[in-house]
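Per TrEMBL, the features are:
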SIGNAL    1-26  signal peptide
BINDING   G114, W115, T116, G117, T118, G119, K120, N121  ATP binding site
DOMAIN    284-341  domain 'Torsin-1A C-terminal'
Amino acid sequence: MKLWRGELRAALALALLPLLLGPAGAVEPISLGLAIAGAAASALTGFISYPRLYCYFRECCLQWHDRRIPAALQENLDKKLFGQHLVNKVVVKAVKGFLNNSNAKKPLTLSLHGWTGTGKNFVSKIIAESIYKRGLQSKYVHQFVATLHFPHAQMINLYKDQLQSWIRGNVSICPRSLFIFDEMDKMHAGLIDSIKPFLDYYELLDGVSYRQAIFIFLSNAGAEKITEVALDFWRNGKTREDIQLTDMQNALSVSVFNNKNSGFWHSTLIDRNLIDYFVPFLPLEYKHVKMCVRVEIQSRGYVVDEDILTRIADEMTYFPREERIYSDKGCKTVDAKLDYYYDF
């Protein structure tokens, strides 16, 4: 931006030079005006055609490394995501490292696992918004829901062809395309494995490179194992913040791979180590539910009533039944409960 402003000033100065250096009357006012206008127009045309300025007005495929992305991602996760210290740490490092790597050997592939309401969809939305201003509405962000887009098992071969064509076509247009697959635990295993070539270490496939693309998978598979680890820490007098990624990663990937009710069951994506990070979403505690309620009230422009906030959090169901440690729905039903208490 500063460079082009400088060029614009230089062009105007050049147009004024005859007037400043030449004899009086040597340049007619109308000619001088046309010269100035022409120089300014020329500089302005170059200014407008500068890619980054063009992309300020029109959405463009992310073709360069924008150093603001990791900072924006970190800020949004810090402000809006509660009780997921592992997710915060892993996602920021993974995305930042990938975008900083000008010679990635494969696409970035994240697999988000945990119970409903723990923040998987929310985090994928934040990632999309951090990379593209229009977020999930961006033409470079593609979202699939297993039960909506691939509902019929008998049409698996058609789905494979359509999905592969969609990925190939969109990455050809924009190498930095983002693909989000929700309900991976409900997706046909064969359909998941049809994605495998795009996630592998190929330099080119039919003339197309997929190494700048990002794939995010969302699944409830492995939630039991995540809860088991979290409860073990609690029973041993440790906090959930003591849980490290190393405590989860291997156990989670093995659990998902061997889960017959998961689309990842014996999937080549896991067998070939094509998923870069298995990201565990821990079950949320009572205090995290209250945080969700508070933020939702504030987002609707209402003053927080602490009594109502506590009543909503108390009405949520928790497990184990006696200890009531973790919310079994996370923050999923907070929005509906607010509608009951507030006259929105």
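Cβ coordinates come from backbone N, Cα and C, glycine included.
Around T116 (ATP binding site), taking its Cβ as the centre, 15 other Cβ atoms fall within 10 Å, counting all chains. One way to see the shell of the ATP site is to take the Cβ centroid of G114, W115, T116, G117, T118, G119, K120, N121; the remaining same-chain residues with a Cβ within 8 Å of it are F122, N220, F281, G330, K332. Taking a C-beta cut-off of under 8 Å and a sequence gap of six or more, W115 (ATP binding site) has these contacts in its own chain: N220, A223, I226, T227, F281, P283, D328, K329, G330. All protein chains included, N121 (ATP binding site) registers 17 other Cβ atoms within 10 Å of its own Cβ.
Neighbour list (G119 (ATP binding site), Cβ cut-off 8 Å, at least 6 residues apart, same chain): L81, F82, Q84, V87, F281, G330, C331.
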